[in-house]
């Protein structure tokens, strides 16, 4: 027996008791506490159960199953916490990147022209594809009139003339460089000026791409504002294709650019599709995609140009035009003609016409139709241009897919890139037999067309 305290409470431990030891017991207790003595008998009933006494539980081994359950529960809880933290961080990072994207930048700078309207409409096919992010605007300089020297006129644009010029002390080479300069016309309105500035802002928001004409600089403070672009020595694709025609009056008058091959033509189409995929990836429309707006470099690389008039399509992909100006109806989709609705899919329709231009070496689309009203009536009724005899059915099928009546059934530019790349890799297959191109069928009727952009 062991004394536990100066009170009358005692603890009695019976070791190795068995169930049969249960019964009545009398205990003899003698206490000597600081001279005081106590003695007496205590009767106790002892019952022994078949369970372990709680005083022995401290020596028990832990239950492996229970321990494993606790560990697994803790791990699962920790995993859930980690996933929640990761999700929150991802959302914050995504939001930050979205704010820095071209979409948000354009929204901040959005200016609405007085004669245009933008309507928000849901679009199911957004053609979202992965791409490499390149910062926009880093290569663009703000210039003065003293930084350029005009050489010769090489064209006319919506806002004025286009010049071949020299850019002094070019940033990339620190030397003079041949460039193209779009100069605002002398007699311009405030609307013209606003639209020209808008074009400058638009181009700055699109990151550089090898198949998109690069902007090198601009000036808004001169008496005539100007925009500086890279110069491409072979001019626009429409003229370049026509010059390549063998035994043609056009080629003889303008100087042939040399015979082109089927591979060259497929590469032109592929370059154009890549440029358009890049533009549409940043939620911009072209609205005037045609061979005349594709420029060709000295090494025969095609680049999309004149997309600066593309409107704000950040919140939707549709633009409703109210401008009363000549329209490029031969390149326009039915919904653009009927309802003035422009989308990425209407640009795809235009690409189908561009592909037809490339195959026919720059012929005017719908060559048998000279009336704009007749053309509109035919397109609305479902008429499509026939297959050029010198191209494969596979290439013509691509055109027809671009000309689907229902916009959502048309391919994306990434779809077109994949198909064209596959054709270009078939070196043994002649998708365009240039030697069989029947020029008499594809006569150029530009001069006969009134009230159209060709």
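Glycine is no exception: its Cβ is also placed from the backbone N, Cα and C atoms.
Remember, TrEMBL labels are computer predictions, not curated facts.
Following the DSSP three-state reduction, the secondary structure of residue 288 (active site, proton acceptor) is coil. Sequence annotations record features per position, and here TrEMBL assigns active site, proton acceptor to 288.
What TrEMBL records for 182, 292 is ATP binding site.
Long-range neighbours of residue 306 (Mg(2+) binding site) (same chain, six or more residues apart, CB within less than 8 Å of its CB): 157, 286, 288, 293. Per TrEMBL, Mg(2+) binding site is recorded for 293, 306.
Taken from TrEMBL, the feature domain 'Protein kinase' applies to 148-428. Per-residue confidence over the domain 'Protein kinase' (148-428) averages out at a pLDDT of 87.
If you look up TrEMBL, you'll see 68-90 marked as transmembrane segment.
Local packing around the binding-site residues 182, 292 was summarised as the count of other Cβ atoms within 10 Å of each Cβ; on this measure the leading residue is 182. Within 10 Å of the C-beta of residue 288 (active site, proton acceptor) we count 20 further C-beta atoms, all protein chains included. Residue 306 (Mg(2+) binding site) falls outside any helix or strand according to DSSP and counts as coil. For residue 293 (Mg(2+) binding site), other Cβ atoms within 10 Å of its Cβ number 21. Secondary structure at residue 182 (ATP binding site), as computed by DSSP, is strand.
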